[in-house]
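These come from TrEMBL:
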type	residues	note
DOMAIN	24-119	domain 'Fibronectin type-III'
DOMAIN	148-239	domain 'Fibronectin type-III'
DOMAIN	241-338	domain 'Fibronectin type-III'
DOMAIN	342-433	domain 'Fibronectin type-III'
DOMAIN	438-527	domain 'Fibronectin type-III'
DOMAIN	530-621	domain 'Fibronectin type-III'
DOMAIN	628-723	domain 'Fibronectin type-III'
DOMAIN	739-832	domain 'Fibronectin type-III'
DOMAIN	833-924	domain 'Fibronectin type-III'
DOMAIN	956-1052	domain 'Fibronectin type-III'
Amino acid sequence: MDTQIDVYVLHCATTIAAPSEEEPPHRPRLGELTASHVTPTTVQLEWNVLEGTFDSFTVQYRDAQGQPQALAVDGGSRTVTVPGLLPSRRYKFNLYGVWGRKRIGLISTDAITGEDRRKGACPLCTLYSAVPITAPALPKEDLPSQPRLGELTASHVTPNSIQLEWSVPKGTFDSFAVQYRDAQGQLQVLPVDGGSRTVTVPGLSPSHRYKFNLYGMWGRKRVGPISTDAVTAAVIPEEEPPSEPRLGDLTASHVTPDSVQLEWSIPEGTFDSFVVQYRDEQGQPQLLPVDGDSRTVTVPGLSPSRRYKFNLYGMWGRKRLGPISTDAVTVKPKKKPPSEPRLGELIVSHITPSSVQLEWSIPEGTFDSFTVQYKDVQGLPQVLPVDGSSRTVTVPGLSPSRRYKFNLYGMWGRKRVGPISTDAVTGEGSCKLLPKSLLGELVASHITPVSVQLEWSVPEGTFDSFTVQYKDAQGQPQVLPVDGDLRTVTLPGLSPSRRYKFNLYGMWGRKRVGPISTDAPEMEPPSMPRLGDLTASHISPDSVQLEWSVPEGCFDSFVVQYKDAQGQPQVLPVDRDSRTVTVPGLSPSRRYKFNLYGMWGRKRVGPISTDAVTGESCCISCPCPFEPPSEPHMGELRASHITPNSIQLEWDIPEGTFDSFTVQYRDAQGQPQVLPVDGGSRTVTVSGLSPSHGYQFNLYGMWGQKPLGPISTDAVTADYQPILPGPSLPGSFLTTHLPPRLVELTASHITSDSVQLEWRVPEGTFDSFMVQYRDAQGHPHALPVDGGSHTVTVSGLSPSRRYKFNLYGIWGRKRLGPVSTDAITEELISEPHLGELMASHITANSVQLDWSIPEGTFDSFTVQYKDAQGQPQVLPVDGGSRTVTVPGLSPSHRYKFNLYGMWGQKRLGPISTDAVTGEGCCMPCPCSLQSFAQKKESDNFYSLLCILSVEHEKQPPSMPRLGELTASHVTPDSIQLEWSVPEGSFDSFTVQYKDAQGQPQMLPVDGDSRTVTVPGLLPSRRYKFNLYGMWGRKRVGPISTDAVTGEGCCMSCPHHILILEKSGRRQSVLPGSLALLGNKCISWVMHVKWMEGQGQVMNMEMAFGRISR
């Protein structure tokens, strides 16, 4: 078989005139380049600019294969993280500064990546880390005066670590950096957060002298260093290394349809931790870590009626021992609903003068939780909740030599079963020796008109907890429990200009030590603040920005009031630190009057007013620019609705919106906990806490890929039983008063499953409240509320149902009331769903977007994209629209558009699409749009015309169907996959392929996407991609395609796509790639270089080959 190839070479040159620039007066100068934050796969580079400013920077280095890599950095940055490196490898980094058309530099540094200590590290993670992400530069702010470093000292010296301590006599730093050289002479950098004053430097060598330099980071400025020397201690040889531990037998028990409990023994030695390995229903390996003290673990999330093999490994230092194995078959799920569980017998054991331990049995079934009820020494009912897996509980806080009757109820769904009962008499009180723990001195500090911070010392011993007692402005005794590890607490809710006496008691076992006392001096309240002028600016068709001044004093918060287009009053709260706010959701061409009030304590000051007329609605074809979204701002974090095991957090966002939030705190064992919250929420309840324990909560807001914050608050959970006045309290604590009075119970904030109740107490105070109502099945419910609250949200209701709520006030042993109100819950509205986003009617400076809403309705939409300068843009769209034209675009530029739907306070989406604007005038084709490039030798330019075809939606049948999978945008290290779904919709997709080492890789994709880029590939290599659609628990597919990655690009030039036309057929080809057009083989290469004074010269070589068989 003969093959004839005719080769034609086409040379073309395109000249792009360079913009004329004047030579800047001073040539900038680079300083020093250093490496820090070294991990096995990344290195962070930092540098300084001694003089002038650069337009941008370029970092160059060679990868593990010796290929040159270039990383572009914007001119305002002084730090960048280089990803995708290999562990334990030396890299040399060169940094150039770009100034106009000149490249100035270079400055260099070497760094060795850390060892990869993970076993079985996922290779896909390393591939993904090869995608460079440059964080956006933070906005500059006015800084206070420069802080100052004090003295650096070394202590706690061991053979392999040294603890450093330092002081900051003036100001505060954003962070610190400790620099030193290791035993091999390599420079090491250890970052420290700005709130720390001590750090331990690990990984040192014994009997070695080290010099440590500490720098303080203040904005972009590095202050210091301060230095100290230290010599690590000598190694003391160990007498006998511990013997290797040994695994015993592994057995499976407590098998359910979706879980198996594993138990094992350790006949010799101890392990640091364990790892359970097994494969799930899809055959994917799963890992379950277990701490070294455990001998049992429950494996959840299994599938019914399936055989599993479990392997248990023991981790001993860096060594993995084992495995020991066992098989288990999960049971079939029961078709019948579970029968009602049954309570057995309640007995009393372990009786002391102040506590009783209760034990009970459950002969049949399981309960969700239990409740112990009894009456205290004053005859007041007490409730103690217990989780459903417990069979014993200790009731604390009882009085000696007293008979108690305990009732135990079991909670099963919404049903209360029981009670079972028992009686017990507490033991007699006995004398104890004097405690070994001593209280020191109590002082008051940080005094404001409404709060006082107390600090105390414990010169000897430790206490289990503390109690602060004082009288409020009405003379009522107040008790605040404090955790035994704390030495400071802030008392809020005080009255201005009032003297308080605070008593602190220490609880040591069953004994109360103290008190120690202090007085808080009177503090005159500040003078009333004053509002200045209110002005309106940045007026658009649907929003107005308000600005105001406060010439004197400060407010707690602000409130903006106005009437909407329907004449309904609207209220917009603003935090105390803001002086500007944007009022959204207005109507075009309408006059609004805005009133601003300042909130100062319980007083409302103002208003100050201004009028503004919104702009006319924007014409579709006008190229009006849109302001990029400003960075959102977090307000204040508050704690409320405190119970023994939960705390409700509330916060406000005075400006902008967040994608999501994260609450971080440490549990009673000191383990960090993370609670994710969606971006539309402003409140969350943190459950599973321990009673009488102090917690610090940090709230972070996620804006894109950037975490903002945190804002913080402290709170102490309540005790299970009320704290009674001790014998040392004054007798006035027990005096009686006139009965308080309840009035006016109202319902508000009604949703499909909750109602918020509010009430007033015009006279006196109550100890607590009780809300009573009947659920949808007619069962009575009681909701206790603490006496300081005048609002509560009743949750767990049924939609579209009338409820009657009765509120009682508990005052001593009396129950006063009720006051009542009726409310009907709203209908259950399902969450709307975004369909598909398409681009059409593309011109040189605009793109029309169309989308569908297959289910529900949205309040409004938001289109987000980045302009030609890379700045984010936001285009608001009303909820009734299904199309919008995005104006003001640049010709021949690729844009990615994201559409979000706003539903209440929740943001759904996005759905996305890409489009390339045309160059010059484009005539839309009514049938379909295609892409081509046409060369004009006389004008030396290429024009790209891109039109997207629109497919009509079909009514989806029961099961969705996958269409065709294609590969595009092929580069040396990535391939973009695109696919269609001609019928129905999928929950998610999965892309499967094998990497260069032949290892299978999986890439999950959300169900709304129709395109994904597979990164981390190798050049000039053939890959086969399989796409599966996930529909419920079913996997549909696969559909497949093959693609060959491009050859390695010699420089970081942008990828130009050449579109060829031959005999009426059009084909897109990438630089360095090979394509077939009929019986023609086409490949082309583009070279780009800069020539002084001539702009950019682009030479293109193209080879055509004819294939004949």
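For all residues, glycine too, the Cβ spot is worked out from N, Cα and C.
Bear in mind that TrEMBL entries carry predicted annotations, made automatically and left uncurated.
Of the recorded ranges 24-119, 342-433, 438-527, 739-832, 956-1052, the domain 'Fibronectin type-III' (628-723) has the largest number of C-beta contacts under 8 angstroms with 438-527. Remark: the domain 'Fibronectin type-III' (530-621) makes no contact with the domain 'Fibronectin type-III' (956-1052), by the rule of 3 or more CB pairs under 8 A. Just going by CB pairs under 8 A, the stretch in 342-433, 438-527, 739-832, 956-1052 that sits most against the domain 'Fibronectin type-III' (24-119) is 956-1052. This prediction places the mean pLDDT of the domain 'Fibronectin type-III' (739-832) at 88. Here the domain 'Fibronectin type-III' (833-924) sits apart from the domain 'Fibronectin type-III' (438-527); fewer than 3 CB pairs are under 8 Å, leaving out pairs fewer than 6 apart in sequence. Helix, strand and coil content of the domain 'Fibronectin type-III' (628-723), in residues and according to DSSP, is 0 helix, 52 strand, 44 coil.
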